[in-house]
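*Asks:* For reference, the structure I am asking about is given below.
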Amino acid sequence: MNTTVAVPRAIIWKGDSITILNQTKLPHVAEYKTLTSIEDVWKSIVMLEVRGAPAIGIAAAFGLALAAQKYEAINIVEFKTKFNRDCNYLGTSRPTAVNLFWAIDRMRAAIEEVSTIKIAREILEEEALQIQQEDEQVCRSLGEHALTCFQDGDRILTICNAGSIATARYGTALAPFYIGKEKGIHLHAYACETRPVLQGARLTTWELREAGVDVTLITDNMAAHTIRTKNISAIIVGADRIVANGDTANKVGTLNLAILAKHYQIPFYVAAPLSTFDTKKKTGNEIIIEERDETEVTKINGQQIAPAGIHIYNPAFDITPHEFISGIITEKGILQGDYTKEIASLFEK
C-alpha cells in the first residue's frame, strides 16, 4: 500500500511576498498571513507565527530574497551592505535555532562572488526555493529511516511540534507517522501538550488529525504514567541544535522524557536534518538557551493564571545529554554509537 498523505504546508513563496500559516491561531483557525517585508518575517519568527527549526530557516531565506527585491542600491557594494545588515537583523530573532543561521550563511554565500544587482536578486530567490525543496526531500528521507525503528501498531510519544508545519513538508519527528501512513504502517502518536505555549496540544494534534493519523493528547506531567500504562514503544523528538558530541537542544521538557525513557528502558530518538547540527560547539554547555517572556507562563489565552509579580523562569529549550539518546535519525541514516566520531564523519569534506 502506497498512498500520498495530504499534510499542511507552513510557508508558500509568492514571488513578491511570503504566505505563512499563522501557527499562533491554531487549532481554532487555519489563518494564512501575507508577509511583505523583512520586518514582517522577523516578527513572525519572534512571535512564533513561524516556528520549528527548518521552517525558521526557510522563512529567513525567503525573507532575505524578499528584502533584496526592495533595496534601492546604486551598486553591488551598497546592495551587499544592506543585505548583510538584514542577515544580522534576522539572526536576532531566535538565537537557539541553528537552521536560522545555516540558512542566512547559505544565502550570504550564494551571492558572495556576484557582481550585479539583477543577478544577485535572481540567485537569492533561486537559493531560497532550493532550500525549501531540499528540506522537503530531506524530511522524506529522514522519515524513511525513522520508520525502520518502529513496527505496525507502535505507540510513540513526542513533545512540541516537529511536524510538517515546522518544516517544508513531513517534518522530522512526525515524518515516520506520515511515511508510515503512506505505506500502510499504523503508528499511534501520544503528544505532550508542551507548556507553556502548547505546541503539542495546538499544533501536533491538529496537523496529525488533519492527515488522518491517530493521536492522543496528554498533559506534560502525565508522561511517566502514560509510558508505564499505555505500552509506549519509544519516544521521538525533534531538535533545534545538535552539537559535535550529540548533545541536543530541543523544546524544554525534552530532557524529562529522555530521563523517563532511560528509566523505563524504551528507545529515545532525536530526528533532525544535517542543517540542525552545529559541529563548532563541542558540548551542550556551549548552547545559548533562549529565555522568553514571562507572560507565556503566567497567562493562557490572555487569562492570568498566576499571582501578579511572581518570579518566572521561562527557558524555551533544554539540553539532552548524548548518553540519553538511543539514536539520532538524519536524512543520511541513523547514528547509534560514538556520536562524536559519527557526527564528524558526516561532515568530512
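Glycine too: its Cβ is placed from the backbone N, Cα and C atoms.
Keep in mind it's a predicted model, so treat the numbers as computed, not measured.
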*Asks:* If Swiss-Prot says Arg51, Gly52, Ala53, Arg94, Asn250, Lys251 bind substrate, which of Gln133, Gln137, Gln199, Gln303 does it name for the same site?
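*Replies:* For substrate, Swiss-Prot names Arg51, Gly52, Ala53, Arg94, Asn250, Lys251; of Gln133, Gln137, Gln199, Gln303, the listed one is Gln199.
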*Asks:* Take the C-alpha atoms of Ala53 (substrate binding site) and Asp240 (active site, proton donor) and report the distance between them in angstrom, rounded.
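*Replies:* Approximately 5 Å lies between the Cα of Ala53 (substrate binding site) and that of Asp240 (active site, proton donor).
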*Asks:* Rounded to whole angstrom, what's the largest C-alpha distance between any two of Arg51, Gly52, Ala53, Arg94, Gln199, Asn250, Lys251, listed as binding substrate?
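*Replies:* Greatest Cα-Cα span of the listed binding residues: 16 Å.
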*Asks:* Which whole-number value in Å describes the distance between the Cα atoms of Asp240 (active site, proton donor) and Gln199 (substrate binding site)?
*Replies:* 14
*Asks:* Would you list the other residues of this chain near substrate - those whose C-beta lies within 8 angstroms of the C-beta centroid of Arg51, Gly52, Ala53, Arg94, Gln199, Asn250, Lys251 - in sequence order?
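*Replies:* My list of surrounding residues reads Ile56, Ala97, Cys160, Asn161, Ala162, Ala166, Gly238, Asp240.
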*Asks:* Taking the Cβ of Asp240 (active site, proton donor) as the centre, how many other Cβ atoms fall within a 10 Å radius?
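*Replies:* Counting Cβ neighbours of Asp240 (active site, proton donor) within 10 Å gives 29.
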*Asks:* Quick one: give me the count of other CB atoms within 10 A of the CB of Arg51 (substrate binding site).
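*Replies:* Result for Arg51 (substrate binding site): 26 neighbouring Cβ atoms inside 10 Å.
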